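Features reported for this protein in TrEMBL:
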- 41-291: domain 'G-protein coupled receptors family 1 profile' (DOMAIN)
- 26-51: transmembrane segment (TRANSMEM)
- 63-87: transmembrane segment (TRANSMEM)
- 99-120: transmembrane segment (TRANSMEM)
- 141-158: transmembrane segment (TRANSMEM)
- 206-226: transmembrane segment (TRANSMEM)
- 238-256: transmembrane segment (TRANSMEM)
- 276-293: transmembrane segment (TRANSMEM)
Amino acid sequence: LAMLNQTKVSEFMLLGLTDAQGLKHFFFFLFLLLYLASLLGNGVIVTVVILEPRLHTPMYFLLGNLSCLDIFYSTVTVPKMLAGFLFGHQPISFGGCMAQLHFFHFLGSTEVLLLSAMAYDRYVAICNPLRYTIVMSPQSCLLLAVASWSTGFVHATMHSVMTSQLRFCGHNHIHHFFCDIKPLLNLACGSTSLNMTLLNTVTTSIALSPFILIVLSYLYIVSFVFQKVQTKEGRWKAFSTCVSHLTIVALLYVPVLFNYTPPSSGGSSKRDVQVTLMYSAVTPALNPLIYTLRNQEVRSALKKILERKL
């Protein structure tokens, strides 16, 4: 009989964001618009960075990586969530669930690492302009990008392998719009203490280390600018190249720090879901806007390409 109760779960049911019928259609259109904005905006940035020779610089190489990442990142969770708004609770196979978990953490951790590489780029550009081309050579840019993507991949593989080893028996309803680690740990019927420890140590350090590097980079930049740059215009020029990056860091980190840094007890609350929504659906749609609105070079390159096409 004990064996009968231990039926292995072969699929999960994603309960999604809301059961309120009236809200479902509103959310469907809202997140569809955000998703399309993310695909279009980030697609445009990737295209402009590739086609415009003037943008073949370290800063834009890293920005192109970030935009590419945002396209995949929103694609991991949003289409399934949209289907949930239209058709109710969404079944997802065990393998599909592990794949979703893997790609969400792979792309998420790569993004924070890329943002710290971008902060380092700004630091070298402002504080060491004469050595900029040597320090941020095409080789070192490629190395920074490859290191970010591969660290993200290893981190996510650790979680997806560890989570797939757990036994799930009985309950298969996930109180979330995608397969995240915490909601899955709630459903496991064995011990999840090792998984929880990894989430609290490895994931927190993957989130916090880049954040500390970003903060340090900007502390150096601020002290350098106030000590070495005498004119107001010069200071503003130095800071204006950082504003877009800082905005994106804030948009990503405020919710991430909210979600993953307090040691998790394993409970996945309503707040977790709302916070995850912020950086998986909203931020990828805002990033291209922030970069194009604030950035003269991207705007003029885009205009040039459009004029050539017309």
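Cβ from N, Cα, C; glycine included.
Predicted automatically and left uncurated, TrEMBL annotations should be read as such.
Note that the coordinates shown come from a computational prediction; the quantities given were computed from them, not determined experimentally.
Counting only same-chain residues 6+ beyond the ends of the transmembrane segment (276-293), those with a CB under 8 A from a CB of the stretch are 17, 31, 34-35, 37-38, 41-42, 44-45, 63, 66-67, 70-71, 73-74, 76-78, 81, 104, 108, 176-178, 180, 244, 247-248, 251-252, 255-256, 259, 299, 302.
Listed as Cβ neighbours of the transmembrane segment (141-158) (distance under 8 Å, sequence separation of 6 or more from its ends, same chain) are residues 58, 61-62, 65, 101-111, 113-114, 117, 120, 198, 202-203, 206. The stretch in 26-51, 99-120, 206-226, 238-256 that contributes the largest number of Cβ pairs under 8 Å to the transmembrane segment (63-87) is 26-51. Ranking 26-51, 206-226, 238-256 by CB pairs under 8 A with the transmembrane segment (99-120) puts 206-226 at the top.
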